[in-house]
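**Student:** One structure follows; several queries about it will come next.
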Amino acid sequence: MRRLTVRLFTAVLAALALLTMGTPAHATAPASPSVTFTNPLAEKRADPHIFKHTDGYYYFTATVPEYDRIVLRRATTLQGLATAPETTIWTKHASGVMGAHIWAPEIHFIDGKWYVYFAAGSTSDVWAIRMYVLESGAANPLTGSWTEKGQIATPVSSFSLDATTFVVNGVRHLAWAQRNPAEDNNTSLFIAKMANPWTISGTPTEISQPTLSWETVGYKVNEGPAVIQHGGKVFLTYSASATDANYCLGMLSASASADLLNAASWTKSSQPVFKTSEATGQYGPGHNSFTVSEDGKSDILVYHDRNYKDISGDPLNDPNRRTRLQKVYWNADGTPNFGIPVADGVTPVRFSSYNYPDRYIRHWDFRARIEANVTNLADSQFRVVTGLAGSGTISLESANYPGYYLRHKNYEVWVEKNDGSSAFKNDASFSRRAGLADSADGIAFESYNYPGRYLRHYENLLRIQPVSTALDRQDATFYAE
């Protein structure tokens with residue numbers, strides 16, 4: 001009897017182990033739910049910088065094509081900046097320094113005051129570009145007065161621009177781009193600690209110079225540094241090459257506990273992390289900044305680009321760089337993934353599986369499936385658009401294949417080009433439902449032309465099938481991220 005009891009107990013343990021191994025985790029709502037925007041946010045606004053303040057407002061400044069003034073607008077939402085009234089807070093000098101090429105303003109709130117960092121040339125030499133700072137003690141920087149704090153002095157007086165400031169472990173730093181007379185290039189990247197918001201302290205360190213092929217097209221440029229911190233790491237993006245379709249983002253990374261003034265602490269990406277996309281019609285994305293969503297749960301990439309490739313004349317004289325927004329995603333290794341500059345219009349989202357929370361809907365050889373660690377981000381991004389079949393439906397358009405949609409065929413789900421037929425429109429349309437396994441936060445997609453069949457994963461492949469069991473409902477529930 002004792003031997004039988006032991007055998008029975010062992011069998012039960014084995015069965016429980018098998019069940020545990022075969023049962024996926026049940027997800028909770030994602031820590032970073034979806035956010036969407038409509039691009040472009042602002043026409044003819046380059047080098048954009050958006051700062052979210054504790055007063056509930058976003059503050060937005062950028063280079064204007066006339067290069068003659070600093071403008072500012074604010075709104076309580078990011079999308080609201082598109083229509084917010086714009087105020088000129090400072091105008092170039094009629095003569096002397098700060099009299100030409102007013103470029104790349106950034107607004108920061110430091111120790112109870114507002115500061116704007118910008119670059120400017122002189123009326124006697126428009127290319128004598130240096131970095132300058134404005135200060136305001138007003139609660140509302142759009143209506144307050146501004147004081148010129150003067151030039152940010154550097155040990156070497158040379159072409160310098162694109163100052164940005166950030167704090168790591170309680171220490172404020174300044175990063176910027178500057179011509180190093182000892183090098184055969186246009187600008188390199190430097191970093192220093194700050195004694196106050198308009199003065200650097202100690203000896204600056206050069207942390208990057210343009211040496212890679214994609215950094216030296218047209219001009220040899222590293223410029224426009226911007227910093228985002230995540231998971232104990234500091235990521236510094238920068239722009240490279242000429243300001244045409246070759247403009248792109250590179251990235252330096254360092255541990256937040258490292259000595260950031262030691263050039264060896266920084267590792268450079270071997271390839272651009274964000275560049276032109278012919279597929280989406282976006283050219284020369286760059287000179288970015290970072291902000292956060294209204295709920296503080298998503299990091300947002302702010303940048304400019306053009307929607308055409310060929311420029312007549314000097315790109316510097318082309319006024320049509322536009323400010324754009326899109327969400328930053330994070331890879332499993334903790335590095336940021338910017339994907340591609342998405343098409344104009346509504347921005348795409350990702351859909352994670354309810355019961356396999358690390359897996360996302362993506363296409364591979366145009367077959368739709370769920371998969372983890374999708375480093376080619378755009379394969380897992382879809383625009384939620386008005387359904388091709390109408391009648392209150394939605395369709396899911398591929399981010400990197402505009403005009404291609406998730407559609408079912410023989411109950412299998414593929415990403416295919418819209419051929420304009422009624423059959424395609426019906427197959428590519430879904431009714432958006434509350435999640436079948438999580439009605440509060442989840443989403444389910446019911447086939448338009450096969451009511452009762454839902455988009456679900458089965459052996460990692462997407463299909464449309466009826467749902468009846470608890471497992472069916474889990475497989476047919478997703479979260480938008």
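In case you wondered, yes, glycine gets a Cβ from its N, Cα and C as well.
What Swiss-Prot records for Asp47 is active site, proton acceptor, and it gives a curator's inference as the kind of evidence. Annotated active site, proton donor per Swiss-Prot: Glu223, in sequence order, evidence recorded as a curator's inference. Here Swiss-Prot flags Asn186, His287, Arg321, His363, Trp364, Asp365, Phe366, Asp379, His457, Tyr458, Glu459, Asn460, Asp475 as substrate binding site. Summarising the annotation, Swiss-Prot assigns region 'Catalytic' to 37-336. Under the heading region 'ABD', Swiss-Prot lists 349-479, citing sequence analysis as support. Annotation comment: Swiss-Prot describes 1-27 as signal peptide.
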**Student:** Which chain-mates of the residue listed as 'active site, proton acceptor' that are at least 6 residues away have a CB under 8 A from its CB, listed by sequence?
**Tutor:** Ala62, Thr63, Trp103, Ala104, Pro105, Asp162, Gly224, His287, His304
**Student:** Of all the recorded positions given, Glu223, Glu459, which has the fewest Cβ neighbours within 10 Å once its own Cβ is left out?
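**Tutor:** Among the recorded positions Glu223, Glu459, the lowest count of other Cβ atoms within 10 Å belongs to Glu459.
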**Student:** What residue among the binding-site residues Arg321, His457 has the most other CB atoms lying within 10 A of its CB?
**Tutor:** Arg321
**Student:** Taking the Cβ of Phe366 (substrate binding site) as reference, which residues of that chain separated by at least 6 in sequence fall under 8 Å from it?
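**Tutor:** Counting only residues 6 or more apart in sequence, the Cβ neighbours of Phe366 (substrate binding site) under 8 Å are Tyr404, Trp414, Val415, Glu416.
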**Student:** Name the secondary structure element type, per DSSP in three states, that contains Phe366 (substrate binding site).
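**Tutor:** Reduced to three states, the DSSP call for Phe366 (substrate binding site) is coil.
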**Student:** Could you give the Cα-Cα distance between Trp364 (substrate binding site) and Glu223 (active site, proton donor), in whole Å?
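**Tutor:** It is 36 Å, counting Cα to Cα.
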**Student:** Can you give me the same-chain residues 6 or more apart in sequence from Asp475 (substrate binding site) with a CB-CB distance under 8 Å?
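**Tutor:** Sequence-distant Cβ neighbours: Ser353, Tyr354, Asn355, Arg456, His457, Tyr458, Val467.
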**Student:** For the region 'ABD' (349-479), jot down how many residues DSSP puts in helix, in strand and in coil.
**Tutor:** 16 helix, 62 strand, 53 coil
